[in-house]
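S.K.: Let me give you the structure first, and then I'll get to my questions.
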Amino acid sequence: MHGLLLAAAGLLSLPLHVLAHPQPSTNLAGRGVDLDAYRMADRSSYMSSDDMKLKQPAIASLSGGNYVDTATEVVKRMMPGMTFRMVDDHYVGESGISHVYFRQTMHGMDIDNADFNVNIGKDGKVLSVGHSFYTGPAPDKAPVEKRDFSDPMQAFHGACKALNLSINSDKATIQTMNEHEVMFMGTSGAMSDPQGKLCYMAKEDGTLALTWRVETDMGDNWLLSYVDAKETDKVHNVVDYVSHATYQVYKWPIPDPTEGKREIVENPWNLKTSPFTWISDGKTNYTTTRGNNAIAQANFDGGEDYLNNYRPDSKNLKFEYPYAPNMSPPKSYIDASVTQLFYSANMVHDLYYMLGFTEKAGNFQVNNHGQGGKGNDFVILNAQDGSGTNNANFATPPDGKPGRMRVYIWTKAKPSRGSSFEAGTVIHEYTHGLSNRLCGGPANAGCLNGMESGGMGEGWGDFFATAIRLKPNDNRNSNYVHGEWVNNSPKGNRLYPYSTNLQTNPLVYTSCNKYNEVHAIGTVWCSILYEVLWNLIDKHGKNDGPTPVFENGVPNDGKYLALKLVLDGMAIQPCKPTFVQARDAIIDADMNLTKGSNKCELWKAFAKRGLGVGAKYDPKNRTGSKAVPKECQ
């Protein structure tokens, strides 16, 4: 019998705020089952570095050997007499912190909701720990010795009945995987063969229950049902890997608070591009603005730390917080600000994934689920970042290291405005991550640091932000300004509006000769791409929905086709490209994607702004050209 070992470890007094397990969603796909009734209790504790030094100085000073051995010794000392196994997913993070994970066992079986994680600092010493180990009375004998449990098929039927699952098991058979795990073969109605695992689970009343963990993937719900191993009509707890969440936001493509109202959107993710949803990384489900693609939080002091920064948390996954443009100070609406930033960045992730910015291309995800590339690199999203004002930025390291977006408070209006609420700002910044990862390959993040190539980086950001926010009634005579809301100015923060009218926007390729600043050069590049956009829309029409529709791998409208070609061009062009090379890469992208069916539309767009056939690059004396190939004249 294991007694009150937590007291000896100094952990009983700690607040129980670390989640040990994914949390279930609030409904079961319309089947009338309230999963809140089966929700697992939050029963983990966390000991910070300061707590370790104060309460466990001997353990905090442990070092030497490798980090796995050190972490194992920590668990042995803090949980004497308990049995456990190391989970095979330990790693050293980019910050130098080593993370090692353990699962408590009893009589050779997992206690499925009893975990221990040890964090080792880069100095080799214990940084912090968290755990949800069970410390109550233990059964005297292993259940396999007494055969003190039901047939797994009974547990499977019990789960299906209790949760009203539409699974036909009339012809089901059991396939034994190992001593404690089985698979239910011959069923229909689930996405894959259901599975069963004999395991313990720590109950809320401090006792231990022997259960069959029945796993059923129903598509809209992916369930782990903990069915009592003796009374199979009793389900103790249910975990749903599919999270149902609501966000109160300015829904895409609303660009800023002046052009629409906030609304509540439910489950806005695309499971084809974010298979774990936005609030899970495939291992842990979160109840805050954190997931596989991004982690969003306040960063009032502008520091580098983000994991311990404030972010809204909602156990029922309702990220609905008050906001109005006249609210002040900005901290009063930080929950809404973080939520909006998280929503917009994830929308960008999902769209860019559909357009080709996948794992192998170097996108930003913690878990690449076997699709290539390097993981552990979600985007760190800092709302109301205190390191500056009237700006925003994006840091793009090579694939495998997290990107970082910092959006600031803008003081050009009264009251000040948080740039999380201007979608164009978020899209622009995220697009820096896109272009830097694609140009020159995911491992080379330094290909856009020249004046012209860096200018194109700014131009791509404006272009994607502008194209995404087009309205249903827009046409080639529509003009767009970048940053007008945060700047509190109808002129925004660019030289001219984006327009196909040369009187409204006279910029051409040779305009770059008089500019020596990347945003100005970027405005020229985006002005050229804006012509490309409308030439393709005029030919193929415009899809006003939030995602493209593909036919044989090609977007069937001009807007998303333009985005696709520009994105593909980024990956095709050389490191440190010029306008001329980027132009050629886009034309090559169309040749690859559509066999060149848009060649003339592209050339005419480029030529209109002086980037025609005869255009030549010289950093101080660019040569413009309005010529197009003979077949396009």
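Positions of Cβ are set from backbone N, Cα and C atoms, glycine also.
Checked Swiss-Prot, it gives:
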type	residues	note
SIGNAL	1-20	signal peptide
CARBOHYD	N285	N-linked glycosylation site
BINDING	H428, H432	Zn(2+) binding site
ACT_SITE	E429	active site
CARBOHYD	N592	N-linked glycosylation site
CARBOHYD	N621	N-linked glycosylation site
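Distances, neighbours, how buried they are, the whole picture for these features please.
M.R.: N285 (N-linked glycosylation site) falls within a strand when secondary structure is assigned with DSSP.
Long-range Cβ contacts of H428 (Zn(2+) binding site) within its own chain (separation 6+, distance under 8 Å): A392, G461, D462, F464, A465, H482.
Around the Cβ of E429 (active site), the number of neighbouring Cβ atoms within 10 Å comes to 26.
DSSP assigns N592 (N-linked glycosylation site) to a helical segment in the three-state reduction. Non-local neighbourhood of N592 (N-linked glycosylation site): D568, each in the same chain, at least six residues away, with C-beta under 8 Å from its C-beta.
Within its own chain, N621 (N-linked glycosylation site) has N513 as residues 6 or more apart in sequence whose C-beta sits under 8 angstroms from its own. The secondary structure of N621 (N-linked glycosylation site), as reduced to three states from DSSP, is coil rather than helix or strand.
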S.K.: Measuring Cα to Cα, how many angstrom lie between N285 (N-linked glycosylation site) and H432 (Zn(2+) binding site)?
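M.R.: Spelling it out, the Cα of N285 (N-linked glycosylation site) and the Cα of H432 (Zn(2+) binding site) are 28 Å apart.
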S.K.: Please give me the CB contact count at 10 A for N285 (N-linked glycosylation site), counting all chains in the structure.
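M.R.: Result for N285 (N-linked glycosylation site): 24 neighbouring Cβ atoms inside 10 Å.
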S.K.: Suppose we draw a 10 Å sphere around the Cβ of H432 (Zn(2+) binding site). How many other Cβ atoms does it contain, all chains included?
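M.R.: Other Cβ atoms within 10 Å of H432 (Zn(2+) binding site): 21.
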